[in-house]
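A.B. asks: Sharing a structure, written as structure tokens. Questions coming.
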Amino acid sequence: MWLRALVLATLAAFTAWGHPSSPPVVDTVHGKVLGKFVSLEGFTQPVAVFLGIPFAKPPLGPLRFTPPQPAEPWSFVKNATSYPPMCSQDAVAGQVLSELFTNRKENTPLKLSEDCLYLNIYTPADLTKKNRLPVMVWIHGGGLVVGAASTYDGLALAAHENVVVVTIQYRLGIWGFFSTGDEHSRGNWGHLDQLAALRWVQDNIASFGGNPGSVTIFGESAGGESVSVLVLSPLAKNLFHRAISESGVALTAVLVKKGDVKPLAEQIAIAAGCQTTTSAVMVHCLRQKTEEELLETTLKMKFFSLDLHGDPRESHPFLGTVIDGLLLPKTPEELQAERKFNTVPYMVGFNKQEFGWIIPMLMGYPLSEGKLDQKTAMSLLWKSYPLVYIAKELIPEATEKYLGGTDDPVKKKDRFLDLLADVMFSVPSVIVARHHRDAGVPTYMYEFQYRPSFSSDMKPKTVIGDHGDELFSVFGAPFLKEGASEEEIRLSKMVMKFWANFARNGNPNGEGLPRWPEYNQEEGYLQIGANTQAAQKLKDKEVAFWTTLFAKKAVEKPPQTEHIEL
């Protein structure tokens, strides 16, 4: 009898506390939103989930290529229980990336829309009480041309670590980064959307049980680069308090356009059938195009693919961040050298084989035979110019350095991929971390070296720590998908704990975790994988080699000055 009473009492408590009888409704600055409660196995307290909350006015019509405007208020209870559309992009590439990276049991097919400035919230807070939990704001990757917030389910991270997880969207591709390099279309619209989302968090997250005074921004790939840009931007001051860049920083050359951006703007205008006489003419014409017409233009531009035929110096596989004088007053290199950035604790890391499989596969590198000779490697490295910006005359030395030590064509292929990974990810990440450390701010570095069981069957078994592999651990995929080993479950628990500790305290260390040294003059960092351990001097030899090599090019080509014959 007492057992039945205990069960009934437990059920009553569960209705009141575990799964409240009515779904959550929260009052935001703009109006009320209705969410849903979702329970994760092993947790009595459900997570309140709100999907598709608008944080800005839809950037349509005359608002295309302009900074985001505040959302319009509403007077009813807005239903926030279904996924928002992802921002306009190449639907096939976007879907492929989502399927490869999602931590959900089933990938969610998403609609496309130019009206896409929405965010999702996962809060484990008891909304009847005044909680103040740390907030973690996720910025998705996808080369600034594809991607969606809803690929990443914040449920496991929120439940396991008692943090509020917010995943945000931002305009992509032409919509997000079209720049004429002048006042007609400055560019960086997608980054301004990220800032608008962070302002929304400041104004509203307390109502969801989050602490606006403890906001961590974290992102991967182009999301990591975005985090790094926000760390450098005066416009982001006080909008976040810690930052994590996974596999991407503002020195990732492919994502930051320096110099004249006009030729790329003209290429886009021509592809859209617009005149290119002046910036004003191009912008006016592109604003008149329908979303479908700009999608066709996007496909013509062949973003995310390697051009094997044309002049690599005129190829643009990505549209990127620009030095607009506002978001970025100067180049990332100059802002770092002058130590003009937001001095928040910063975690920077990358994976052991960033060019292992997913990027060369998506970009169409001709490596299906799995081997490479020196001559082909040099030619491919030149074709990779828009990714790595290695001048033609430096290619023999760079290729020899990486591939020269072996005659095995399979090893040559692997070393070629290491070269690309170092120039695009590892070396820029270490340089950013060193600058941050030198400014006297807590800095932590990691290298992720693990092959998730959720990897695509097409990925060679030898690839361990591919681009994006850490996402499964960070977002607790083993607790949402089936089939993870005990080792993988433990790894994900540890990674979530490290990331959330960092969000809580600006320091990833905590009880029962391997010690993660701060990145100081000794350059200690953490190797994360089946065996997680501290090590030193991450990629220091590679940084030295590339710094010296790139300096040669700078020395050989002094600034052009007019030469006057007397």
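Positions of Cβ are set from backbone N, Cα and C atoms, glycine also.
Just lifted these from Swiss-Prot, have a look:
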type     : residues  : note
SIGNAL   : 1-18      : signal peptide
CARBOHYD : N79       : N-linked glycosylation site
DISULFID : C87-C116  : disulfide bond
ACT_SITE : S221      : active site, acyl-ester intermediate
DISULFID : C274-C285 : disulfide bond
ACT_SITE : E354      : active site, charge relay system
ACT_SITE : H467      : active site, charge relay system
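Situate these features within the shown structure.
C.D. replies: Take the CB of N79 (N-linked glycosylation site) and look out to 10 A: across all protein chains shown you find 14 other CB atoms. In the three-state DSSP classification, N79 (N-linked glycosylation site) falls within a strand.
Annotation note: C87 (disulfide bond) sits in a strand segment as assigned by DSSP. Residue environment of C87 (disulfide bond) contains 30 other Cβ atoms, counted within 10 Å of its Cβ in all protein chains.
In sequence order, G141, G142, G143, E246, S247, G248, H467, G468 are the residues of the chain that are 6 or more apart from S221 (active site, acyl-ester intermediate) and have a CB within less than 8 Å of its CB.
DSSP assigns C274 (disulfide bond) to coil in the three-state reduction, outside any helix or strand. Sequence-distant neighbours of C274 (disulfide bond) (same chain, 6+ apart, CB under 8 A from its CB) are V281, M282, C285, L286, K289.
Here E354 (active site, charge relay system) comes close to S247, A421, M424, F425, S426, G465, D466, H467: these same-chain residues lie at least six apart in sequence, with C-beta atoms under 8 angstroms from its C-beta.
In the three-state DSSP assignment, the secondary structure recorded for H467 (active site, charge relay system) is coil.
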A.B. asks: Out of C116, C285, which of the disulfide-bonded residues is least crowded by other Cβ atoms within 10 Å?
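C.D. replies: Selected from the disulfide-bonded residues C116, C285 on minimum Cβ neighbours within 10 Å: C285.
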